[in-house]
Structures are given as C-alpha cells and as structure tokens.
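> This is the structure I want to talk about, given as structure tokens.
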Amino acid sequence: MTLVPMVVEQTSRGERAYDIYSRLLKERIIFITGPIEDQMASLIVAQLIFLESENPEKEICMYINSPGGVVTAGLSIYDTMQYIKPKVSTLCLGQAASMGSLLLAAGEPGMRYALPNSRIMIHQPSGGFQGQATDIEIHAKEILDIKGRLNDIYVKHTGRDLSEVVANMERDNFMRAEKAKDFGIIDKVIEKRLDIGVE
C-alpha cells in the first residue's frame, strides 16, 4: 500500500487538504512514475488536457521516473504532448527507460532535462505471443511496424540518423545523463533548479 502525503493550505474559506500530486498539478507539474500502463496513461492524458484548458499558453512540466511499459499507453501520452498547445518540458529523475525515455525526448526542444545521476535507457520494443502460426505472424508484423514507428520518433526528437537510432536501440542501451544529452534525448543536465535556462 502506497501512502501519498497530504498538503494542507489555508484559504479564505478555511483549510483545504490536497494529496501532494494534486497540489503539484495546480503548479502545472505532472509526474510519470512507475510502469506506464493504460490506466496511468489515461490519467496523464487527462491532466495534460485539463492544464491546456486552464491556460493554453503556460508551460507544463513533466517529471519522469519510469522503467517504461506498454507501448500503446506510452504513445497515447506522447501524442497528447504533441497535440496540446502548451509547451511541455520534461525532467528525468531516477530513470527514464524504454517508453519513459521516448517521453523524455518528446519534450519541447531546449526544455528536456535530466538530473546528474539519472539513468536513461533505449531499446527496441519486445513482446511475447503464442497461438496459431498465422496469429504469431500477424503479431510479428505488428511489432516490427511499432519498432519502425518508435525509431522514427527518436529520429525526429534526437536529430540522429535512422541507422544510428536503429543501431543504438538493438539491445538495452543504458546511458548516463551526459551521454543522453550527447545522443539528443535531452538538452541539458541540471543539478539545481536555477540551472534551467542557463547556458
């Protein structure tokens, strides 16, 4: 059982209690923590759309600490990040692996960050199927199609050649924050909040 801290604020109407994530959402901060799956992705998408409706001009900050997860769930978050009007900055704390690294790279150019001890990992998608031979063949074609789409997304956001992306994603490829910057997944490694926007 996970305990979520509560924050109590004084208002003109008295005290108001929020769970910590709801309070941070008021500051336009969204957390992606843990495995990416459908229910979690729906909550993230809803938060992005809600914050756009609140103020379509104001930046949204996305903090990522995720081992990755379901590709289609992650792509629903990715597509929403690209779809909405506000700029979405991304920050890796802990790890951004697999689909987590794709979301990290998908932040607004110039606004993709990682803390110094973050770990970023990219790789090709994986899947396991059983059943009739024809069904296995269908699923194999689907996963190859998804692999191609993910490669294209990394090419778009890193500026790397397709051949470079394919070679780097052949197996689990772990990177320190500085290497992720060199690869183009992030724009800057930051140690303090004040470092954001400072060159």
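Here the Cβ of each residue, glycine as well, is placed from N, Cα and C on the backbone.
The model shown is predicted, which means the values in this text are computed figures rather than measured ones.
So Swiss-Prot says this about it:
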- S98: active site, nucleophile (ACT_SITE)
- H123: active site (ACT_SITE)
> Return the residues near the residue listed as 'active site', defined as same-chain residues 6+ apart in sequence whose C-beta is under 8 angstroms from its C-beta, sorted by sequence, else 'none'.
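Those within reach of the residue listed as 'active site', by Cβ under 8 Å and sequence separation of 6 or more, are S98, M169, E170, R171, D172, N173.
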> Within 10 Å of the Cβ of S98 (active site, nucleophile), how many other Cβ atoms can you find? Include all protein chains, please.
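Result for S98 (active site, nucleophile): 26 neighbouring Cβ atoms inside 10 Å.
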